[in-house]
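Shown next, in structure tokens, is the structure this report addresses.
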Ligand SMILES: CC(C)(COP(=O)(O)OP(=O)(O)OC[C@H]1O[C@@H](n2cnc3c(N)ncnc32)[C@H](O)[C@@H]1OP(=O)(O)O)[C@@H](O)C(=O)NCCC(=O)NCCS
């Protein structure tokens, strides 16, 4: 039996939604919208001051190598929710992953922080109370069902269409009911853009598990009936249940941790940046996040988690039962000499082992069944060997494991073996950071993004002059 969570009282995320949905809430518990209404004005003031007093302060140089090197290292975006330090890793409003695991409320009966708690932290910069987090869970369950035309659309896709393409198309179609688009057409004031954006963002986060689970069912288990949303479960409890893992509390806890800690990784990564770029045109959150999912579907970005598993299983087949550092080393060299990258290693910003990898390993270390898994053992041993091999290879600036080196192996162990689906779970997760930025970009009135580009001839002319 899957775990049932009892909520004593709950509310809608927005005051309006609460009234519409007829939800009850405790007077002492502030909603997400109410909390945002408090934290937005000081941030608006902070931005005003920055503009007035420091608009001309230089924060870095742009060299030709940055322009031809994928803009690596250029400090060029405002992103409030998290900052990535190359050595320390990610911090969410200043909080490290171990700190978040310590203080962000878990689901009732669970231990790991929930995506709801992380979303609250990202949006507001504050740690929610357990009650606030549970209210948000209830709100998301309330809003989790898909419109029937989206269900029909997704059901019409061929099974052979990549799950990420299906997710992106499903998310784009949700814009049919966009509150922001409707408000914009009504002529809502610019200062109020963020409220209907928040409404869309909460709807999007709420509907992602149903959409993602439907895709999983259609592609891999077409004869299995779909489980409806249980209003008493948290977001991940429902997602796990709909995927068919509701009776495995370890798997559900892993999904909570994975979705929460993978939710944001500052703004410059391809999917987050895409969401912000598209959102900056005032496209609604569904269109912005659908575009982000297309970036996430690239093998150098989100698709790496499916590639890691594919590579790891091929290694396991080749090495057999006797896993030694020597035969892992040999396999690593064979991968590199064939001109391929070692998936799950390296990073555009990080220069140390990824703390998200460390947290997932920590999860495995506390569970004997995971410790006994040959796949997980191989992941751990590869992490002991690969950095030295990659250093000797001498190309990558970061020879250490990133989150994707570990993310798929636990899913695999618990029976979610269809690794083409793994990036979809990443897509459910990464929405947390993307939607936070969409709300804040509107609250701060950030403009449309429009960096300057150069041709090589124009660059040469500039260099001469
Ligand atoms: C993440 C990644 C795309 C970052 O790319 P980047 O910022 O260009 O990384 P670097 O600056 O360190 O790359 C320098 C060189 O090292 C190579 N390199 C980087 N990571 C490598 C890896 N894991 N295996 C082998 N070579 C690697 C790059 O391909 C590049 O080679 P080139 O000069 O021939 O083009 C890259 O490390 C990678 O492809 N990793 C494997 C895929 C992966 O795990 N992605 C998930 C990221 S969270």
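All positions are counted from 1 along the displayed chain.
Cβ coordinates come from backbone N, Cα and C, glycine included.
The following features are taken from TrEMBL:
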type	residues	note
ACT_SITE	301	active site
ACT_SITE	347	active site
ACT_SITE	404	active site
Alpha-carbon distance [residue 301 (active site); residue 404 (active site)] in Å: 10
Which of 301, 347, the listed active-site residues, has fewest other Cβ atoms within 10 Å: 301
Cβ neighbour count within 10 Å of residue 404 (active site): 28
Three-class DSSP secondary structure - residue 404 (active site): helix
Cα separation, residue 301 (active site) to residue 347 (active site) (Å, whole number): 10
